[in-house]
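Q: Take a look at this one; I'll ask things after.
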Amino acid sequence: MALELALDLQFAVNPGNLPTEAEFETWVRVALGDTLDEAELTIRIVDATESQQLNRDYRGKDKPTNVLSFPFEAPPGMELPLLGDLVICASVVENEALEQHKALEAHWAHMVVHGCLHLLGYDHIDDAEAEEMEALETTLLTGLGYPDPYKEQ
């Protein structure tokens with residue numbers, strides 16, 4: 001059965017140089033795979049100021065970051081398709097792509113996949129979790145035709 005996806009894209013920056021809605025949807029669908037029958041999530045594209053504020057308020061890090069994930073936790077006994085929210089900072093993604101010599105589209109795909117995996121419960125706090133998450137990201141992204149995001153460019 002195909003994933004029934006409700007994707008809410010919010011642009012708090014000029015969407016001129018950003019991926020298309022179709023690209024975002026493709027990346028989300030690939031990241032979620034066949035783990036769910038239906039899912040709802042929001043992806044908000046923000047500037048460095050908003051990213052820094054959220055990163056400071058929720059993670060205690062006073063700097064903008066590439067992607068923040070906010071998983072939705074349903075009350076016990078309630079089954080809801082809400083996955084949560086991703087907040088992606090456009091300028092950080094662009095700067096990282098330049099610094100790391102990556103194609104901008106490939107880095108956007110990586111950030112969306114990475115964030116979605118966090119919403120599914122993956123993490124990279126310890127080495128074993130990081131290896132598992134990075135291996136899955138690499139498999140998903142190379143399956144889309146992008147290079148391994150963890151390989152030196």
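Cβ coordinates are placed from backbone N, Cα and C, and glycine is handled just like the others.
Not my notes, these are from Swiss-Prot:
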type	residues	note
BINDING	His114, His118, His124	Zn(2+) binding site
Q: List, in sequence order, the residues of the same chain other than His114, His118, His124 whose Cβ lies within 8 Å of the centroid of the Cβ atoms of the recorded Zn(2+) site.
A: Val67, Ser69, Gly115, Leu117, Tyr122, Asp123, Met133, Glu137
Q: Only counting partners 6 or more residues apart, tell me which same-chain residues put their Cβ under 8 Å from the Cβ of His124 (Zn(2+) binding site).
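A: Residues satisfying the criterion: Ala130, Met133, Glu134.
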Q: By a 10 A CB contact count over all chains shown, which of the binding-site residues listed here is most packed: His114, His118?
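A: Of the binding-site residues His114, His118, the highest Cβ count within 10 Å belongs to His114.
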